[in-house]
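Single-structure report; data block below.
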């Protein structure tokens, strides 16, 4: 990373790490500030004055320690992408990093966040004064004032990446959070993916709403996959959804509704008076030969597969179908589009919702396929600087549970007879 | 487009139009040079001297005619993306275009190609002198000299997009064919897709080889889909492929082999001594409920669907499966990666190969699903400035034809019994 303090460097680093983890690429941030804090826990702005030789020496030592650990991390084969989170604000410092990496055969991509928008900087300063460990326990006003002085000290020596003298570096310069982007000497696929991701980020406040389709006929019979219509209770949820959304979204806020191409999501969204978009990429995980079967039938017909799936549900690919890993790959354009967009409501399926949720909430792979996402519930996610806030709104409409715990054929199956009875009664 | 002559503007325009068409987005190039040529078919360099008022007037008239037609094209709802292919090399001209478009509610994206690499420019000049209608029938040496003078006249007034004064424009500046890319004020999804595509283009000479998997057990029985192994003849093709590739690629050239995740492509590629990559996105078109059936059985079980598919094969989606349109969407990352890459050999399936081929050869949607791509044949595609060259190399190994003509259940089925016999003999 390159840039003055309060330019969102750590935020960008956090998002990139989360995105890479979601794509199964091991990534880790090395934050030079944390190294510096072990020697100097709560420095004042003077510490960052370049004419202060002791401060200069300690800050240099922190950078060296971070880079050493980072190189070791690569050497030990611990991961694929490391982010060196620091200001790295002089040409000399960048040259040093570039040479250290080159010696270790590590490709570099310098990501500079350059921002002169005072509103954004002030917002970042306000975040920092309340969250940075550098100011733990201090008066927020004094902290903000000190932090502004620290920035001024950095400004004295700050050199933006030079488009002429540093033209041999691979870099991306993000100016005013994506208003302008300069991309230089991108060399490989991973760099191009990260750059495309960075291009699409914005920081306008917004929320994302997630809902599964209403209970379907297949949910009642305990079958997976297929393209069934809603059950009567699912239909009730569809009719209730506009009210639920209104309650969560508030008045006058515009949003766009995304559904899959399957009947149950389109039916669920059909009473919402917003623009709608159908995405094939939002279709349920393809269960291949098991499509249309119940978990009980799968266990009977494909006992080995059933057990295998429990062992590593993330990687298990249904015969002729998909794994969670496959789903993540096809969801990537959706995530990219979500990053670009503002308020979006997604009506989709259990496995798909788990994957999208895992991206925003940073859920590890081994856990995400086992998350319980109940039917007839609206989830609201609001991305904040370092985490995503979550609210859940339940519609008071009963539904079968389609959640199956590891090693069981569980609720889904047990509820089946009861549900079938209820269904038969409704029909009668 | 923005840029001096011989900077690859028309080449970029051609590629973007081809890419958009492939994605079912109607796009059209309005080439100002063509408008100018109706008044002045073979102008000399003097015509482009800015101190020549008559030349200036005629060139201005050509630009106006092109912009008028472009606006009319939009107004008539003829398409989504128009490319105004001209030098548009002054701020005044760009401001005029911007205002004209704004008045018509047309979003603008200025794409500047800036190139100071003499080798690239000379190559472009050589291309132009042999292909431009401006120099039809003229001595190539004189044409090149005149064209260099024309460029000099443009250079006098050329203003690159100004990062300060023109910062309100949405633009992308491609410097030395992708070495550096500057992106400004990108506003919507389509712009972001086009910019990402432009970022990935390169002009290093290379080829792409395409092959279907060797004949499979399912090909013999006439079944579609599935995950069958190679037949004995398919196995022969796999063993022959390295020789075929060597013959086409030549000595010492490195390439990377991409296969799908299905057995028949992996088996086909397994004797090739190159780096290999498996892509789920290269798996065969998912035929849903028809997976494992023969065309005869499909016709019997789903007669309406069978007829529907013939009527609009590109858009027909198998029940629980995919359409060609769906395949194109999932192939987009493959195309992007192909644009970034150099020499690639893809071993994949009939429908997938048709879609990739259609991209490079600009085959219209309604025709691409009906193209015949025989088994046991290596196709070599070499992208050139305005077209892609094709060579086909047949391995002398017989195989069933899996090609089905519109309205028939054809060769595939008819050959079935004969093939089955042959197969049984081999096994015996």
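We count from 1, first residue shown onward.
Even glycines carry a Cβ here, placed using N, Cα and C.
Taken from TrEMBL as is:
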DOMAIN    B:1-205  domain '6-phosphofructo-2-kinase'
BINDING   B:212, B:213, B:214, B:215, B:216, B:217, B:218, B:219, B:264  substrate binding site
REGION    B:404-428  region 'Disordered'
Using the CB centroid of B:212, B:213, B:214, B:215, B:216, B:217, B:218, B:219, B:264 as the substrate site centre, which other residues of the same chain sit with their CB within 8 A?
B:228, B:230, B:231, B:234, B:268, B:375
Within its own chain, what residues at least 6 apart in sequence put their Cβ under 8 Å from the Cβ of residue B:264 (substrate binding site), listed in sequence order?
B:213, B:214, B:216, B:227, B:228, B:229, B:230, B:234
To which of the binding-site residues B:212, B:214, B:216, B:218 does the lowest count of other Cβ atoms within 10 Å belong?
B:218
Where does residue B:214 (substrate binding site) sit in DSSP terms: helix, strand, or coil?
coil
How big is the substrate site in terms of the longest C-alpha to C-alpha distance among B:212, B:213, B:214, B:215, B:216, B:217, B:218, B:219, B:264, in angstrom?
14
